[in-house]
Amino acid sequence: MAFLSSFLVLIALYYILSHRCTTAKQRSWILTTISSAVMSLCSLPMFLEYTRARGDLIKVPASTPWTDGVSRFFQAYLIADLTMGVLHYRSKVNLLTGWVHHSIYVFIIEYAVRMNWSHIFCLCAIMEVPTFVLAVASLDARLRSDVLFAVSFFTTRIALHVALGVSLALNRQDVTDGSLGPSVIMACIFPLHAFWFAGCLKGFFKRAKSQSPSPAVSHDPVIRPASLPPGRPSTPIPSAPGSYPAMYMARSSILSRRRSSLRLAMRTRWDQLGLWKAGGRLNEMQRRVRAAFPARESVYEYVGLESRRRIIRPDTMGDGLMDDSFVIGDVQPSRS
């Protein structure tokens, strides 16, 4: 009964709140936000008892109908999230954190309830606090706090997870009637939490690196001669004309820097591959091949296409004047 009522309430809340979301990503976090908030609040009594007992699981109250109902609520959320995901945000339900994660937890909850270990599951539900922080930030980016998420994640899903796993294994005779089931489950889930936390740290470092101040770049970059092959002049990149608008000038400056960087990278790559030397060797080979062939005039003379010249004697000229000079005339080559 608790499962069915929770499932119907979650579906109704989704349809009531979904029209406030403009993207599929936001809609995919509606049920997660509700579930993580409910589970975090419901786990507080168990967590307070655990801290009051200084980490002694033996003093934590055993399962009750209330802890069973809370566990069934989370089970209903898992099914509702997959159902709404198939219908409304299929692209946001991936294989690992969607189908595999939700399906495994459905069976874990069923196993815990049937073994009267729902109080242990409710105690572990305090690990939904970082999920709530992440869900709220996904719905409204203004509420995002990377530090709060990282601290809550490490406190609950790393430190508390290890403490509970060790305590369950050491006190299994009094807490789980000698069963290693809960401690084994905790040990199997921990690598996934560690993987997520490692991804969180990588994101921190990446954002910190991207936000670090970069050195000033000249608006008129010039390729340094040292970076070019010998004999190749540097090529300055002119800046945008001062008469252009400021926005266009900024864009033109960015494009100029990109073009110069691309040109420099291409020339550096050519140097690494030795393409300049290969081009020089190819030119030298062409020169030698041309030198091996006879001159053009020799070929013309051989085939009869040379420009033959005839000497016109002065005494054959119409005016009859005698002179020591002579006239040279060109005769067109014959077609024979």
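Cβ coordinates are placed from backbone N, Cα and C, and glycine is handled just like the others.
Here TrEMBL flags 1-18 as signal peptide.
Look at TrEMBL and you will find 28-48 (among others) tagged as transmembrane segment.
Using a Cβ-Cβ cut-off under 8 Å and counting only residues 6 or more beyond its ends in the same chain, the transmembrane segment (117-136) has close neighbours at 29, 32-33, 35-37, 39-40, 42-44, 46-47, 50, 57, 60-64, 67-68, 70-71, 74, 108-109, 111, 143, 145, 148-149, 152-153, 156-157, 160-161, 164, 168, 175-176, 182, 186. The transmembrane segment feature in TrEMBL is assigned to 117-136 (among others).
What TrEMBL records for 148-170 (among others) is transmembrane segment.
The transmembrane segment annotation in TrEMBL covers 182-205 (among others). For the transmembrane segment (182-205), the list of distant contacts is 101, 108, 112, 117, 120, 124, 146, 149-150, 153-154, 157-158, 161-162, 164-165, 168-169, 172, 175-176: same-chain residues at least six beyond its ends, Cβ to Cβ under 8 Å.
Positions annotated as region 'Disordered' by TrEMBL: 212-241.
Taken from TrEMBL, the feature compositional bias 'Pro residues' covers 227-239.
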